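Worksheet for the structure shown next.
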């Protein structure tokens, strides 16, 4: 027989001979085959190998050369009733009255009234091992263009830095509880793709959650630090590709031990403006209102970013925390008629990243002020009260960020009605924002009107300089001068260590006799002797495409203690390294350092307005970056890349 090639007619005859039951069996086999071949791809796409199969948990706090804080884990019943209720020392209510007020029992929820002093300084802080740390500061009181004429080298007295130990397990469990039980969080569930339980089982949360930018305030009537952190979640486990950002709040005692499952009894301001006693459980995610669409996540980072917490005086003459942050939101740009007989219109939106102020101890209903219009899903949902910080009579910019907040205690009556913002440090521009009387342009959405208190802007459009953001500014008076002290951050690209370098810069802002502001002193880069891990791989420093990041987040407290009859001030600040490690560090005797700078000022009061001071700070910071990169290359820690700078 030769080669046999069946004709199409023969194929048709063969097919007709197959019984229907055989077709059924073939169909079942095809479905099974598709499942066997296709399911692994579906599983991998939803449960990547790097997080679900080959992921091996590594304790991020196992470096024996570093010092860590502790976590009090006596109570970790997330969502349970076994919490301790802490109430302030100035509240005159017995525990029976408190039980009736909160509809609870002393047995189930023990009440604890704080009876300690108002100081945040712990005994351990006064007995730390301290070292001197040299910094270079520059003043503007000279007509010279020579940086050495503006520069003074001085010493800071600093403590060993401490990494704040985290429990991601507690945090993820708290998030799951809030997603299940709190209306403000339920609509956020799609961002997490039903994988939170998987992250807990596999202990893979460190690959998807990143917690940094921690900043805190001392609540003196409760004897606790209230700390707020930014938590980002990446579905793909990439730090540079998060889909959502949330704010997580925690409580710490004076020794920086975290207090879990603790309630604070606080005076909450409701939507009518009245104050009522309510208990807030910690740790918890703040129910911040923000615009989001879980179906559209590419290139959109939803949620609050770069939050800074600080204390202001409210109308009850009590200290109250406020949070300054930036967030992606939308507003109605215009509307067009649809041409339908029902008179309906089509809304057109614009999207922005703007600055906001939030009050953690106040509520609002709904989130129309971040979404641009009323959504009936949220009409009766309680969120943290927020307001946009908007420059009055000026078109809203597409992006606003890196504002530096402070208050002026001399203007209190009795509350802080205004919030000051350093909008730009180079060619100083300062806003004054009204936070006591919000305004509206459309009778619908209210915002805080910000007006320039000081503006040296030139006619040409200028880019934001490399020195920006940083901590809030803390007021003080030294040598009868009204000053504000903080730590900015300089962001310098391609200076000799990878893609960019971020480091702290100490700043002293001064109010002149004329009522204007000037930068009295500004330092170049400060290392604080803090080890900075690589951005992607901890062991690789100054990677070609990676930033090298140490950012100051906030000043937790700055107080004076008396030791053997001698007064010594202690400033505690928080920093973030590589957007992962959260660090505490103390500076002792900073007021003395500033007093000596003022007393020994080399020049008169003639102010150089040509930004020579800023140029010198940047130049010396670039030199720091170059030397740092060369040292990492010498040590073989750059992953094969040789640092270079422009």
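Just so it is clear, glycine is given a Cβ too, placed from its N, Cα and C backbone atoms.
Per Swiss-Prot, the feature N-linked glycosylation site maps to 62 (among others).
Per Swiss-Prot, the feature N-linked glycosylation site maps to 81 (among others).
Taken from Swiss-Prot, the feature N-linked glycosylation site covers 103 (among others), and the record attributes it to sequence analysis. With a 10 A radius on its CB, residue 103 (N-linked glycosylation site) counts 6 other CB atoms from all the protein chains.
Look at Swiss-Prot and you will find 117 (among others) tagged as N-linked glycosylation site, backed by sequence analysis. The number of other Cβ atoms within 10 Å of the Cβ belonging to residue 117 (N-linked glycosylation site), over all protein chains shown, comes to 10.
Residue 127 (N-linked glycosylation site) is surrounded by 9 other CB atoms, counting those within 10 A of its CB over all protein chains shown. Taken from Swiss-Prot, the feature N-linked glycosylation site applies to 127 (among others), supported by sequence analysis.
The feature N-linked glycosylation site is assigned by Swiss-Prot to 132 (among others), with sequence analysis given as support. When secondary structure is read from DSSP and collapsed to three states, residue 132 (N-linked glycosylation site) falls in the strand class. For residue 132 (N-linked glycosylation site), other Cβ atoms within 10 Å of its Cβ number 9.
What Swiss-Prot lists as N-linked glycosylation site is 146 (among others), and the listing cites sequence analysis. Around the Cβ of residue 146 (N-linked glycosylation site), a 10 Å sphere holds 10 further Cβ atoms from the protein chains shown.
Taken from Swiss-Prot, the feature N-linked glycosylation site covers 334 (among others). In sequence order, 348 constitute the residues six or more apart from residue 334 (N-linked glycosylation site) in its chain with CB-CB distances below 8 Å.
Here residue 393 (N-linked glycosylation site) comes close to no residue that lies at least six apart in sequence on the same chain with a C-beta under 8 angstroms from its C-beta. For 393 (among others), the entry in Swiss-Prot reads N-linked glycosylation site.
Per-residue pLDDT, averaged across the topological domain 'Cytoplasmic' (1-25), gives 51. Among the features that Swiss-Prot reports, topological domain 'Cytoplasmic' is placed at 1-25.
Taken from Swiss-Prot, the feature topological domain 'Extracellular' covers 47-646.
If you look up Swiss-Prot, you'll see 26-46 marked as transmembrane segment.
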DSSP state at residue 117 (N-linked glycosylation site), helix/strand/coil: coil
In three-state DSSP terms, the structure that residue 334 (N-linked glycosylation site) belongs to: strand
Candidate nearest residue 117 (N-linked glycosylation site) in space, where candidates are the glycosylation sites 103, 127, 132, 146 and distance is Cα-Cα: 127
Inter-residue Cα distance where the pair is residue 146 (N-linked glycosylation site) and residue 103 (N-linked glycosylation site), in Å: 69
Residue 146 (N-linked glycosylation site) to residue 132 (N-linked glycosylation site) - Cα separation in whole Å: 27
DSSP state at residue 127 (N-linked glycosylation site), helix/strand/coil: helix
